[in-house]
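J.: Below you will find the structure I want to go over with you.
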């Protein structure tokens, strides 16, 4: 009899495993169906005055979560459980790579200094205000239990913005510089906040000294530049391989596309394995590939890659916003939380107030600084209307904030600590509130601040091609080397952006494109 029990036990084990596998298949199938629903509804509401696809996905997620919560009698509210590894390894890379691949490079680098001011310096200002403000105000509303390191992590979590709502409303052709600033700051902001968050995770708060701030800033600069260099190197390697092998001569469209996709993902994974910033690496890899590699493939591959990268990014963004809506009703997190309702609303109010304050504390002063730097050059100024739009664009919080909150306060998407559960639910509430309320108001606000029938002349950029010849001296010039150096320095001080761009174009045409390819 004892011998007969082993086959029975094996059958029971196989049945349980089969049931678990079937449950996963059903969950994935349901989630894919809801994703399709989000895309259809988003398309139908595309011309809506008040909503966009990200808001639509969140609302549908909340509705589906409510249905699941009722159907399971209050035991569950989502089809899949959030996993930060899934987010950082599979969902975030296609979004960031597509941002770099589709970016208008001339506009992006023309405004690169201002973008760095907003996306790097601004993040540190917002980080300090949110960290110090929460550390000072949370105990006054009756919420305690966080360590110094967790307050610092909180500053990094809520310094990350989500500019998708604003970018869906802005018209790139009408306001090219404003669109470039909002778009560029959004990408650099995400990368900076994640790098800053990872730096804080490695920080030993028990040994904080006067040089600790410089140490943190030094680590940040190291990660920033090494990640950028790695992305550029892999992008150039891919471009050289496509040019040297020239798959197009054999009509190998599939190989061309596969190589670009795999190398892009490899750049992200190599950065993560090297403990660098995968976001920065894959973003600059996308920029380099679009500048060189894209021109080394067949016409069919060019069209296909544009659509493939955009489609992957779109699906990933929809997936994230849909999950945010469903996870807001996760009953386990709300049950684990022991904080009173009054204190919870106090936490929500403090965080939103600090987000508003931290955003304003750097957008308007740094805009004035950017205008002062640009006042003696060719760059147009950032008007007060544009400053308001830039400030508003960064008020929304999104998936990066949620992923960082889970990384800090949860393990595999689950936490039973009441304090940590409060912080995760607070993050969800702030993300939902900022996306829904601020997102709903984005279109009306921009229509008031930037009427479509008004063309802001200050947003139009001078054409680089018109001044390139005047910036680069002729090859047969009779001037001495010292005189040419003086002329070059005076041009650099008078028109820095276009001077650098003109010399870069000359270097690019002469040395880079013959090796790595590119537009002729």
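Every residue gets a Cβ built from N, Cα and C, even glycine.
Values in this document were obtained by computation on a predicted structure and should not be read as measured data.
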J.: Quick check on the annotations: TrEMBL lists transmembrane segment for one of 25-45, 151-171. Which range is it?
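T.: Based on what TrEMBL states, transmembrane segment spans 25-45.
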J.: Any chance you could find the range in 220-242, 277-295, 307-325, 345-369, 389-407 with the most Cβ pairs under 8 Å to the transmembrane segment (25-45)?
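T.: Maximum Cβ contact count belongs to 307-325.
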J.: Per the definition of 3+ C-beta pairs under 8 A with sequence separation of 6 or more, do the transmembrane segment (86-103) and the transmembrane segment (389-407) touch?
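T.: Since 3 or more Cβ pairs under 8 Å link them, the transmembrane segment (86-103) and the transmembrane segment (389-407) do come into contact.
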J.: If I count Cβ-Cβ pairs under 8 A between the transmembrane segment (109-130) and each of 57-74, 345-369, 389-407, 419-441, which range comes out on top?
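T.: Top-ranked stretch among 57-74, 345-369, 389-407, 419-441: 345-369.
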J.: For the transmembrane segment (389-407), which stretch among 57-74, 307-325, 345-369, 419-441 has the most Cβ pairs under 8 A?
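T.: The stretch with the most contacts is 419-441.
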J.: Below 8 Å between Cβ atoms, which of the listed ranges 57-74, 307-325, 345-369 makes the most pairs with the transmembrane segment (419-441)?
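T.: Going through each listed stretch, the top one turns out to be 345-369.
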